[in-house]
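Peer 1: According to TrEMBL, the protein carries these features:
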type	residues	note
COMPBIAS	637-651	compositional bias 'Basic and acidic residues'
REGION	629-653	region 'Disordered'
REPEAT	81-114	repeat 'TPR'
REPEAT	388-421	repeat 'TPR'
Amino acid sequence: MTTKKSQDLPAKEAALMRQVAKFHDNKQHKKGLKTAETILKKFPDHGEALAMKALFLSGLERKEEAHETVKKAIKNDIGNHVCWHAYGLIYRAEKNYEEVIKCYTQALRIDKENLGIFRDFASMQCQLRNMEAFVEACLSVVLLRPSVKQFWLTLAGSFHLAKDLDGAIQAMKLYHEMFMTYVEKGVEYENSEIHLYRAMLLEEAGDRKGALEMLESNEKSILDKKSYKETRARLLLEMGELKQAEIAYKALFKVNPDSYSALEGLQKSKGLFNDLDEKKTSSLFELFEDLVDEHRRSNALKRVPLNYATGERFAKMIDSFLRFNLQKGVPSLFMSVRSLYSNPEKLAKIEELCLSYVRNLTSHSTFGEFVKYEEDDVQVVEPPSAVLWVYYYLAQHYDFLGQRKEALEYIEKAIQHTPTLVELFMTKARILKHAGDIQQAMQVMNYARNLDLQDRCINTKCVKYMLRAGQIEEAEKTIILFCRIDSADKLNDLVDMQCTWFAYESAMAYIARGDYGRALKKFNIIEKFFYDIYDDQFDFHTYSIRKATMRTYINLVRMEDQLRAHPFYFKAAVEAVKLHVAAFDKKILDDKQKTEEMSQMSESDRKKALRKAKKAELAKGDSKENIATTGAAAKGADSKDAKKKDDDPDGSKFLNESDLLTESLKFLKPLLDLSPGRIESQVLGVSVYLRRKNYLLAVKCLKKGFQIDAANPELHKLAVELALAVQTDATIHEKVKPIVVEVLGNLLDGKLNDLKGFNQNFGKKHGKDSI
């Protein structure tokens, strides 16, 4: 049968094709599939109908059928852009973005003016951070439809992300001339965001005066008054307009008297921030006193002056601050003043005051010394809870100083005073953990959890302590108490919720147990969490433009670029790379041991051992296949349940069936790209690249590592190993070796051929302080 295109279909089938398109837009996959198959009964080779059927199959998770169908569609109608676009959408659902780009490129060759494909193509380029291609795609869209304002915003955003600020400013200037010269109803918020975005562009381009004029000239149109005031104050400060900046920050502080940033800006505007002499310090306290008269309830004005006060002034101020918070029973008091502990004099004064509070409160229920009053005077007596909070504070104080015995004494006193307060047991558990008794700490934390079974925070803390104590099964039973009641697999819910802390702590517990396979599996789950978070930005490439929230969109993209610099990812990636390296070394050692054992066997025994190993491997594979088949059969025809079946519960796939060093690179590269200033990143870089025999990359990491911390013992050890490897490896490329040798020679103080001497020098220099 001759291939027919959608416009050649009879009226009835053409109407059905329009219905198919609606079903796709509304994600009604089953109805759409049924309708597409109705068309294909009469026209089985119709390209667009086959392409739409493939999209519905993809939506129903029937991926193999979807690929077969869309390939058939392209084969039957290779010159139809719909078929290629559909193929791209199928790949997009599978997150195979490189293939998506290829499909969209082919579709655009066929239909150079298709806006839908162009917009998808532009979003994909941004997702992959191909910024030049992103700008070109946005320009093409604007040239096709210059009357659509959203396309101009996308163009400005593409220039901005490509760091072409002049292009972005020009695009927004044209946008303003074309679309904001007349008043349009319902776009007040949109116009407000545009004014703020234009100011943001000018500020980043270094034109602070222009940005300030942009804000002030459009003040009435800007609805986000908080952002307006904050941006204006910041610009005035950066421009050196200190008097105006002072007025602006005072206005901000008046709106929110607990704003530390507004108070900091006010200090900077008066030149009273950091490294102050006696005269400036006096002026600063005059400023604080003036502000206190207006804002007596401001917590910021009570806390910030403590950073600058010294001597008798500090003693009076900290006494007042501590008494106020202890009377109120503020649990976070210690966290508020902990930063003052860097000053030994302030630390000693705080300890002295707290100990005096204990003496006075226990003897006559006041913070101060006993004073004999006249008969008509009223004795001010503190409530019984006051001494409780002093005990609580002192327990945290001594724990921070590493004096665990004193910390435990005071927390026990607090518990005897009020044995039902959950925070006390949580603090006792923390002290025990710091003292090294993780088992006892876990038991105390579990007792605290049972005091308040409705508290998710305590439940979480208890689970963390259980995992650190090696009680993995008990931790899993406890964590699911707050999962969905109707869920069949509650632990899997934690994966769906991207519960990173639980995955990390579980991985560390499995490492402590020696179960490296399950640990690697957990680390790969964390990697997937961050991949999914990065992938989730895709829809915002169009959504944010549609809502005109350009500032938020630019900040989102920048945040996503730095996503894997997050502390949670960093510590997980460090442990994951260490584990991959340890597993690789163990595998090499085991293989070497097996080879030695084989070499000592007779020929017949060697053959028997090989046959036995082969049978065991085959039995292992059959067992896995049977488990998967049985699991799928037990679930019946429900593909979603079959999908949830875990075919690798012990993580052996990650441990035994993969190239461990190659797998480690997906964790290592983000560390080197986003956290290059951390010594851990460079140490792991040398460790992995040395084993992969990538000597140039290894020596590059070694050089950066020496710049960060040349006294690091692990780095020193790796430097010696790298030098030995370069000298003994006969496979190293003849052009690479001279470069590596030269750099290593400089790093090792010219002792590349005298490694024992280099090692002895390091020992003499750092022996007392280095492991």
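The backbone N, Cα and C atoms fix where each Cβ goes, glycine too.
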Peer 1: On the 0 to 100 scale, where does the mean pLDDT of the repeat 'TPR' (388-421) fall?
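Peer 2: 96, rounded to a whole number.
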Peer 1: With helix taken as DSSP H, G or I, strand as E or B and everything else coil, how many residues of the repeat 'TPR' (81-114) land in each class?
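Peer 2: With helix first, then strand, then coil, the repeat 'TPR' (81-114) has 27 helix, 0 strand, 7 coil.
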Peer 1: Tally of helix, strand and coil residues over the repeat 'TPR' (388-421) according to DSSP?
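Peer 2: With helix first, then strand, then coil, the repeat 'TPR' (388-421) has 27 helix, 0 strand, 7 coil.
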